[in-house]
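Beneath this line is the structure, given in structure tokens, with notes to follow.
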Amino acid sequence: MSKQILILPGDGIGHEIVAEAVKVLEHVNVRHTLNLRLSFDALGGAAYEKYGSPLADETLARARDADAVLLGAVGGPQWDTIDPALRPERGLLKIRAQLGLFANLRPALLYPQLADASTLKPEVVAGLDILIVRELTGGLYFGQPRGSRISKNGEREAFDTLPYCESEIRRILKVGFEMARLRGKKLCSVDKANVLASSQLWRTVAGEMAKDYPDVTLSHMYVDNAAMQLVRHPKQFDVIVTENMFGDILSDQASMLTGSIGMLPSASLDANNKGMYEPCHGSAPDIAGQGVANPLATILSVAMLLRYSMGHIKTADAIEHAVGVVLDSGLRTADIWSEGMTKVGTVAMGDAVVAAL
């Protein structure tokens, strides 16, 4: 029985990087007889231009029917002045919410070949392997009420709401505990419980759940301290679990510990491990169309897709190994290039990974 993957290239460099990931996916599909069927559609700004909406109803229906979704990136300055409800990012938020993709897994893994590319000293980041588990469908980005108005004294003001219910907290903490159990058995729950009521509930629930995971060491950390500790001593962390906005910020910070956000994949999963997979980086409109974008994060997102949503562990391992082989050979895109390495473009990097497979 075949499995269906919906491909959404998105905007900016999305089409370029996704093309290389699809190249890898098609190669392993044939070589490993995976019986995968690929289809394509638009999301974000591309969907706004095609359908008049950043997420068309028919695209959402196709995503529901698919076994997994592979996304490039969304957004661009040409859509910054349109109705906020129609901006590309709203399509991304909507598809996550409608598909119930509440758990975002963002690894921050430093390839030893790229230790010099990190902005931190090699001895601080050597061997770095962190997983950030971010709650994706609740909190400040979705909370109601939200909006803007004129206050009683005539000023413009805007407001947002940060709600979390116990069931939302429990299900993301469960993912955090389970992932920690599979890794180094250390879980750091990040909150702002000294200020926020939602974080106080979060910390209480985490403490209650820890009793069910006696093999996992749970620690708590305020988000401001966590941001500092990620730079001071990042290797103290194994798995970090946190709410939506904190995870958004910390995962981007952690990505730069690895040398380039262009190396980092991500997975967004529902309760049944059906998911959407995308690189951690954005649409990079400043380099779109130049053929210089790093496709490795998207290729590694394919590996995560095969591992978590398809159960093809050996194929996922093979892709990750192939990326390591390519880095060993000295090939680098511009974002990870250093003296003595060979600078290549997007297509050449994708071809090299296929050759290594």
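Just so you know, glycine gets a Cβ as well, placed from its N, Cα and C.
Annotated in Swiss-Prot:
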type	residues	note
BINDING	76-89, 282-294	NAD(+) binding site
BINDING	ARG96, ARG106, ARG134, ASP224	substrate binding site
BINDING	ASP224, ASP248, ASP252	Mg(2+) binding site
SITE	TYR141	site 'Important for catalysis'
SITE	LYS192	site 'Important for catalysis'
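Mapped onto this structure are the features recorded in Swiss-Prot.
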residue: PRO84; record: NAD(+) binding site; contacts (Cβ under 8 Å, 6+ apart): ARG90
residue: PRO88; record: NAD(+) binding site; contacts (Cβ under 8 Å, 6+ apart): GLY10, ASP11, LEU43, GLY44, GLY45, ALA47, TYR48, PRO54, VAL74, GLY75, GLY76, TRP79
residue: ARG96; record: substrate binding site; contacts (Cβ under 8 Å, 6+ apart): LEU136, THR137, SER268, MET276
residue: ARG106; record: substrate binding site; contacts (Cβ under 8 Å, 6+ apart): LEU131, ILE132, ARG134, GLY247, SER251, ALA254, SER255, LEU264, SER266, CYS280
residue: LYS192; record: site 'Important for catalysis'; contacts (Cβ under 8 Å, 6+ apart): SER199, TYR222, VAL223, ASP224, PHE246
residue: ASP248; record: Mg(2+) binding site; contacts (Cβ under 8 Å, 6+ apart): ARG134
residue: ASP252; record: Mg(2+) binding site; contacts (Cβ under 8 Å, 6+ apart): ILE261, CYS280
residue: ALA284; record: NAD(+) binding site; contacts (Cβ under 8 Å, 6+ apart): GLY12, ILE13, ALA73, ALA293
residue: ALA288; record: NAD(+) binding site; contacts (Cβ under 8 Å, 6+ apart): ASP11, GLY12, ILE13, GLU16, GLY76
residue: VAL292; record: NAD(+) binding site; contacts (Cβ under 8 Å, 6+ apart): THR333, ALA334, GLY345, THR346
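TYR141 (site 'Important for catalysis') and ASP80 (NAD(+) binding site) are 18 Å apart (CA-CA, integer value). The Mg(2+) site, placed at the center of the C-beta atoms of ASP224, ASP248, ASP252, has further neighbours from the same chain whose C-beta lies within 8 angstroms: VAL223, ALA227, MET245, PHE246, GLY247, ILE249, LEU250, SER251, GLN253. Taking a C-beta cut-off of under 8 Å and a sequence gap of six or more, TYR141 (site 'Important for catalysis') has these contacts in its own chain: LEU93, ASN244, MET245.
Under DSSP, ARG134 (substrate binding site) is assigned to a strand (E or B) in the three-state scheme. The binding-site residues under consideration are ASP80, ASP224. Their Cβ neighbour counts within 10 Å are lowest for ASP80. For the binding-site residues listed here (GLY76, ARG134), the lowest count of other CB atoms within 10 A around the CB belongs to GLY76. Spanning the listed substrate site, residues ARG96, ARG106, ARG134, ASP224 have a farthest Cα to Cα distance of 27 Å.
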